[in-house]
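Participant: Have a look at the structure that comes next, please.
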Amino acid sequence: MASSSLSVVLLLCLAGAVSAQLSLTYYDKSCPSALTKIQAGVAAAVSSDRRMAASLLRLHFHDCFVQGCDASVLLNDTGADGVANERNAFGNVGSLLGFDVIDQIKNDVESACKKPYSSNNPVISCADILAVAARDSVVALGGPTWEVKLGRKDSTNASMALANRDLPPPFLDVAGLNASFVGKGFSFTDMVALSGAHTIGKAQCQSFRSRLYNEGNINATFATKLMANCPQSGSGGDTNLAPLDDDTATPPNPDMFDNSYFLNLRAEKGLLHSDQVLFNATVASGATEDIVNNFASNQAAFFNAFASAMVKMANLSPLTGTQGMVRRVCSSRTN
Ligand code: HEM
């Protein structure tokens, strides 16, 4: 008797351990074309707007940093608590893009899955779509690739409070950035490599105005050019956009995922305060400066470090097995 209940306990533990793991083959039977459909959806979105690659990468980051990679960032129904919507958090509101593209991909994938798709049996989680779309976006712009393990479930909740706490704002110094990333299990190198995501995409004037008008460690020509579209006073230019990675780099590198971000930091052409501090600021740490120098002179080193940090990011506290749900519509927890 004692031994049979022991076996049950062992079996349950084993099942728990297995279900707690993500796998590369998770959709091989239930939706064999899932990965190619996601890739096609990303390619279509990026071919009509190259910035979308950046937006999809950021969406995955903002998902994973808030209660893990569970698609909580996509929820748009406030529900009974009224505060669940992460889309309205400081780092997201008026800034995060790509929701429509994820919805489109979700539809495409579900329609292509082996099972006849009905509203009652969604197959692929929105969290998995975000993780794969982020990888495919980087690849679409010439960046490195990595393997994405699958089987994440979607959350049944979201937290604006956690989003406000855990998404790093652009005015942070190295110590603040480090606290934010170390808290999630990332190394110093991971943090610098992940910041290299700012080799693509755009930021609004309100995200870098303070740096533009108050900081000394900014290239004068670069600053003058930015000021033309980002006035110091008044809020008229708040949402005006500038590329996170200076387009006038030599050689020009518009919208390519490469190591030019790090070359720009060395030239004091980091757009955000949190970018430039990685190279030089009053609180600059030699450690981040060394990593920036390494990535600036060795793109392969950056690509390797970025890929391995993205794998870590995609594995932040996933819901697996019977946890969470597979949402039918990514923005809603009502199936
Ligand atoms: C190190 C801490 C980070 C800070 C403080 C930060 C902050 C920001 C800010 C303020 C913007 C511009 C938002 C706007 O003005 O609308 C931005 C854009 C972006 N961030 Fe970060 N970020 C960080 C790390 C990351 C990481 C780890 C990734 C991905 C791995 C990432 C990917 C992006 C991308 C791709 C964009 C451009 C999005 C677009 O064009 O739609 N960032 N970030």
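Each residue, glycine too, has its Cβ placed from N, Cα and C.
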Participant: With Cys330 as one half of a disulfide in TrEMBL, pick the other half from Cys113, Cys126, Cys205.
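Facilitator: Among Cys113, Cys126, Cys205, the record in TrEMBL lists Cys126 as the disulfide partner of Cys330.
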Participant: Nearest to Thr199 (Ca(2+) 2 binding site) by Cα distance: which of the recorded positions Cys31, Asp63, Ser72, Glu86, Cys113 is it?
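Facilitator: Of the recorded positions Cys31, Asp63, Ser72, Glu86, Cys113, Asp63 has its Cα closest to that of Thr199 (Ca(2+) 2 binding site).
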Participant: Are any of the recorded positions Arg58, Cys230, Cys330 near ligand 1, with a Cβ under 6 Å from it, and if so which?
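Facilitator: Arg58, by Cβ distance under 6 Å.
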Participant: Looking at the binding-site residues Ser72, Pro168, Asp245, whose Cα is closest in space to that of Cys64 (disulfide bond)?
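Facilitator: In terms of Cα distance, Cys64 (disulfide bond) lies closest to Ser72.
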Participant: Using the Cβ centroid of Asp63, Val66, Gly68, Asp70, Ser72, Glu86 as the reference point for the Ca(2+) 1 site, which residues of the same chain not in that list have Cβ within 8 Å?
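Facilitator: Not counting the recorded site residues, we get His62, Cys64, Phe65, Gln67, Cys69, Ala71, Val73, Ser155, Ala158, Ser159, Leu162, Ala163.
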Participant: Quick one: of Ser72, Asp245, Cys330, which recorded positions lie within 10 angstroms of His198 (heme b binding site), measuring between C-alpha atoms? Sequence order, please.
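Facilitator: Candidates kept after distance check: Asp245.
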Participant: May I ask which residues of the same chain, at least 6 positions away in sequence, place their Cβ under 8 angstroms from the Cβ of Arg58 (site 'Transition state stabilizer')?
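Facilitator: Same-chain residues close to Arg58 (site 'Transition state stabilizer') (Cβ under 8 Å, separated by 6 or more) are Leu96, Leu97, Gly98, Ala197, Gly201.
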